[in-house]
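> The feature transmembrane segment is assigned by Swiss-Prot to 31-51, 90-110, 136-156, 224-244. If you look up Swiss-Prot, you'll see Asn73, Asn177 marked as N-linked glycosylation site. According to Swiss-Prot, the phosphoserine annotation covers Ser257, on the basis of similarity to another entry.
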Amino acid sequence: MKPAMETAAEENTEQSQERKGCFECCIKCLGGVPYASLVATILCFSGVALFCGCGHVALAGTVAILEQHFSTNASDHALLSEVIQLMQYVIYGIASFFFLYGIILLAEGFYTTSAVKELHGEFKTTACGRCISGMFVFLTYVLGVAWLGVFGFSAVPVFMFYNIWSTCEVIKSPQTNGTTGVEQICVDIRQYGIIPWNAFPGKICGSALENICNTNEFYMSYHLFIVACAGAGATVIALLIYMMATTYNYAVLKFKSREDCCTKF
């Protein structure tokens, strides 16, 4: 029979080793988390959600403003309405694609991070796995370049609405308010090319323009376009993070797959 103190000491040692084993297991699991891909996924989901949601509503508000104030004849802006409707459907596709693509990239990040850090014993990776990682690197680069174009394109309506808003601020200013020159301050939406030059009225001046700026459609569309542009910028940043993470992981996988590899990055 062992003394009670020795038995208690052995139990405490076993419990300590068990706690230490759980702690080491948790640290090992946390070491396999691809934090860069995780941050990029959250940022990508947020950016795409802002761009798609706000952009969809802002486009609908833009059509309402054009129909009510700048182009009363439906045939003059029929093509623009079809293009905007098509863009709204494209937005649905973008949201669905990036939701799936973000999850796939996050899963690929878990795989490559675990392989790079050799969390599962001896390092093993297949040629197919490296090929898939290389494909994601190429696809992410292509999407990054494409989203730079989307980001630039999303700034165009912000510029247009800002010009209209700044013109309204000039009309509201004390220097011009109440003078006869107010009615000569105009905004011609036809100069942006979104409606033809024969569209009527196409140009709004003075107090009528000020009334447009005071409508809820203009206020909401303007600010939603700003948020959509910011969402596109956030998506570009997320794709840049994806690029760095996937490129690094692919380079390490490619390097460590060589038989003469004897060092680590």
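Note that Cβ sites are derived from N, Cα and C of the backbone, with glycine treated the same way.
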> Please state whether DSSP places Asn73 (N-linked glycosylation site) in a helix, a strand or coil.
coil
> With every protein chain in view, what's the tally of Cβ atoms within 10 Å of the Cβ of Asn73 (N-linked glycosylation site), excluding that atom itself?
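The answer is 13.
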> Counting CB pairs under 8 Å, which listed stretch among 31-51, 90-110, 224-244 touches the transmembrane segment (136-156) the most?
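Looking only at 31-51, 90-110, 224-244, the most contacts with the transmembrane segment (136-156) come from 224-244.
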> At a C-beta cut-off of under 8 Å, are there same-chain residues at least 6 beyond the transmembrane segment (90-110) that contact it? List them, or none.
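Long-range Cβ neighbours of the transmembrane segment (90-110): 32-34, 36-38, 40-41, 44-45, 48-49, 51-52, 55-56, 132-133, 136, 140, 143, 235, 242, 245-246, 249.
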